[in-house]
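Copied over from TrEMBL:
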ACT_SITE  B:His35  active site, proton donor
ACT_SITE  B:His117  active site, proton acceptor
MOTIF     B:35-38  motif 'HXTX 1'
MOTIF     B:117-120  motif 'HXTX 2'
Number of protein chains: 2
Amino acid sequence: MLNYGIVLFPSKPFQDTANGLRRRYDAHYANIPPHITLKESFSISNEELPEMIHVLRDIARQCPPIDIHVYKVDTFFPQSTTIFYKLKENKQLSWLNEKLYQEPFPTDRAHSVFIPHITIAQKLQQAEHDDIVGQLKMIDVSHQETIDRIQLLYQLDNESWTVYETFLLQGQST
Amino acid sequence: MLNYGIVLFPSKPFQDTANGLRRRYDAHYANIPPHITLKESFSISNEELPEMIHVLRDIARQCPPIDIHVYKVDTFFPQSTTIFYKLKENKQLSWLNEKLYQEPFPTDRAHSVFIPHITIAQKLQQAEHDDIVGQLKMIDVSHQETIDRIQLLYQLDNESWTVYETFLLQGQST
């Protein structure tokens, strides 16, 4: 059994911007580049992998490239001290997320609602969270770009993630 | 212009093994998972990327999955204090490396000879290198596995690497 996750990476310049904050505030800074999680960590066996890959290819073929729109900094507090770039709701992201929580993928959700976001701070002490959240919320983070691929990653024992495979989004925009 | 690199990732268990040493000895531990470099960092523009991708797909289609054989720990000293898992010479690795230093790829080589390896220590002071190299060389690292994909990565401003695309090796074994 390995832990897998499915994410989108934003463009290099936007990853650099996010890392400027993550370096200081994100406990997972060294584990994975800045990303939008489509499906949170799930565990499957080597035997189950080929079927997943097959379905992922199919999903990617149907989905057009995604226009993401980052529009503000927000926090998940009091659920957690995670602070993030919030993305505008997006039909394609929601569709992908839906698909990735249907069979043959594990269907259990850690969070009942899908809130597309890029984490910039996590595992903060509450005092630190309260110190910085106001200032971070004031940052103008308006940013739009198009992402044309999704990434399947697996987790190593040191908790970092390695990309297993890229799937190009090849659907026709409507 | 972005910096790109082309690598192979070994299997998750072997990455874990390598990371056990890299954690202590590799200054680039947090920048990239354990890997075999096929083409060292090169710089190209966004305009040049599509042609590279096209050629990479073509190369991957021709190349069968690669049986790698790690057989010992060695050092590049005195050229550098880099210590690595050495791989047995391998026709496919050499062929891939050749192809990736031909047009349309940049053809200049930082190292005249291609020595396939997985780095486990680098940027050591010479005294530290001399302290640990004997002990590391005594480790039995005999390991074989098959790798069926290559990865194109780009470098962020913090010097870490993000995977841009995976290319499956789809040639027929002879």
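Even glycines carry a Cβ here, placed using N, Cα and C.
Curation does not apply to TrEMBL; its annotations are automatic.
Not measured: the values here are computed from a predicted model.
In the motif 'HXTX 2' (B:117-120), helix, strand and coil residues by DSSP number 0 helix, 4 strand, 0 coil. It is 8 Å from the Cα atom of B:His117 (active site, proton acceptor) to that of B:His35 (active site, proton donor). In sequence order, B:Val7, B:Leu8, B:Phe9, B:Pro10, B:Ile118, B:Gln151 are the residues near B:His35 (active site, proton donor), counting only same-chain partners six or more apart with C-beta under 8 A. With DSSP classes pooled into helix, strand and coil, the tally for the motif 'HXTX 1' (B:35-38) is 0 helix, 3 strand, 1 coil.
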